[in-house]
Amino acid sequence: MSDSKEPRLQQLGLLEEEQLRGLGFRQTRGYKSLAGCLGHGPLVLQLLSFTLLAGLLVQVSKVPSSISQEQSRQDAIYQNLTQLKAAVGELSEKSKLQEIYQELTQLKAAVGELPEKSKLQEIYQELTRLKAAVGELPEKSKLQEIYQELTWLKAAVGELPEKSKMQEIYQELTRLKAAVGELPEKSKQQEIYQELTRLKAAVGELPEKSKQQEIYQELTRLKAAVGELPEKSKQQEIYQELTQLKAAVERLCHPCPWEWTFFQGNCYFMSNSQRNWHDSITACKEVGAQLVVIKSAEEQNFLQLQSSRSNRFTWMGLSDLNQEGTWQWVDGSPLLPSFKQYWNRGEPNNVGEEDCAEFSGNGWNDDKCNLAKFWICKKSAASCSRDEEQFLSPAPATPNPPPA
């Protein structure tokens, strides 16, 4: 038994020595003899104790190294902070610029609200109107020109009704219109212009001396008022004088509307544009007239002369639309046999459904009703009485001529 134990102890000793070498311990005789004396279980506990002790020693040996690393890290942080401080110092100007930008932004918003937008707008509008008003104030030379024109007009009107004088008055009124058109108060300027235009037409038709005298008196008062411009009260006085003058002119007799021609108690309008026969009837009806119906040889000669003088093909109110070959006027009356002499040679021939009559050259011709031609409207002239009561009453309104 003793012999067998010895080799086993030797083997155990060798094993323990190998394990201790693996853990970094040096072999000693005392430890080896101690291991040989101890059992296998206590040996494991001893090994664990030595292992823990060795690990603790290793950690303790590393502490100075960790402190050194921390110090290096702090030095690096310090250097970074130093560099950052220098960089921040360079950014001070930029931050100030940013601050200025923000201040300007706030100032812009504040100025946008000062003092009250509505009041600023109102002030702007008032200044704009004031500028326009000042720009329209008449120059003294213009006022003097108006005064001179009215003085001349007064003398000219007193010498009516010579035709040359009427023409001269027309030219003077045209110049007066341009001068008055520069006065302030634009709406009243326009009204003055329109009134002077109507006055021009009325003066051109004046035959009665009493009416001339009335206009002379009105113009005399107007001259006195214009001579004292540009005071606003005087301008108002001129406006009132022109209003009175308008009333006087409206009481004058106008047998025919403007741009119509008077002949034997009727008014005639010769168009400046072309329409077909049916549309020509409509155009005349719109102004209280009808496509011309010829009632006498004198009227025929007058109208034929008007048409041939302008070298136009012009519709009249005659057709055979209701029954081929039976010619009838638009008022329903038949064509009298005595009027058949006015047809041109070989007419009417009804070539290609020609059912409407026209003035052509020195006579009449039939043509297609859908062709566009000039036309003539006819209506009765207004009666002009010399009775004073009739003279003082306003003339009936006359419609404008049809679209030319």
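Sequential numbering from 1, following the chain as shown.
Note: Cβ is positioned from N, Cα and C throughout, glycine not excepted.
Going by Swiss-Prot, these are the annotated features:
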type     : residues      : note
TOPO_DOM : 1-37          : topological domain 'Cytoplasmic'
MOTIF    : 31-34         : motif 'Endocytosis signal'
TRANSMEM : 38-58         : transmembrane segment
TOPO_DOM : 59-404        : topological domain 'Extracellular'
CARBOHYD : Asn80         : N-linked glycosylation site
REPEAT   : 96-118        : repeat '1'
REGION   : 96-257        : region '7 X approximate tandem repeats'
REPEAT   : 119-141       : repeat '2'
REPEAT   : 142-164       : repeat '3'
REPEAT   : 165-187       : repeat '4'
REPEAT   : 188-210       : repeat '5'
REPEAT   : 211-233       : repeat '6'
REPEAT   : 234-257       : repeat '7'
DISULFID : Cys256-Cys267 : disulfide bond
DISULFID : Cys284-Cys377 : disulfide bond
DISULFID : Cys356-Cys369 : disulfide bond
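A helical conformation is recorded for Asn80 (N-linked glycosylation site) in the three-state DSSP classification. Around Cys369 (disulfide bond), the same-chain residues six or more apart in sequence whose CB sits under 8 Å from its CB are Asn276, Trp277, His278, Ser319, Leu321, Asp355, Cys356, listed in sequence order.
Straight-line distance linking the Cα atoms of Cys284 (disulfide bond) and Cys256 (disulfide bond), rounded to a whole number, equals 15 Å. Proximity to Cys377 (disulfide bond), judged by a C-alpha distance within 10 Å, picks out Cys267 from the recorded positions Asn80, Cys256, Cys267. You'll find the Cα of Cys256 (disulfide bond) roughly 106 Å from the Cα of the residue listed as 'N-linked glycosylation site'.
Non-local neighbourhood of Cys267 (disulfide bond): Pro255, Cys256, Pro257, Trp260, Thr261, Ala289, Lys378, Lys379, Ser380, Ala381, each in the same chain, at least six residues away, with C-beta under 8 Å from its C-beta.
Helix, strand and coil counts from DSSP across the repeat '7' (234-257) read 17 helix, 0 strand, 7 coil.
Computed over the repeat '1' (96-118), the whole-number mean pLDDT of the model equals 64.
When Cβ neighbours within 10 Å are tallied across all protein chains shown, the highest count among the disulfide-bonded residues Cys256, Cys356 belongs to Cys356.
Its own atom aside, the Cβ of Cys377 (disulfide bond) has 25 Cβ atoms within 10 angstroms in the protein chains shown. If you count neighbouring Cβ atoms within 10 Å for each of the recorded positions Asn80, Cys284, the highest count belongs to Cys284.
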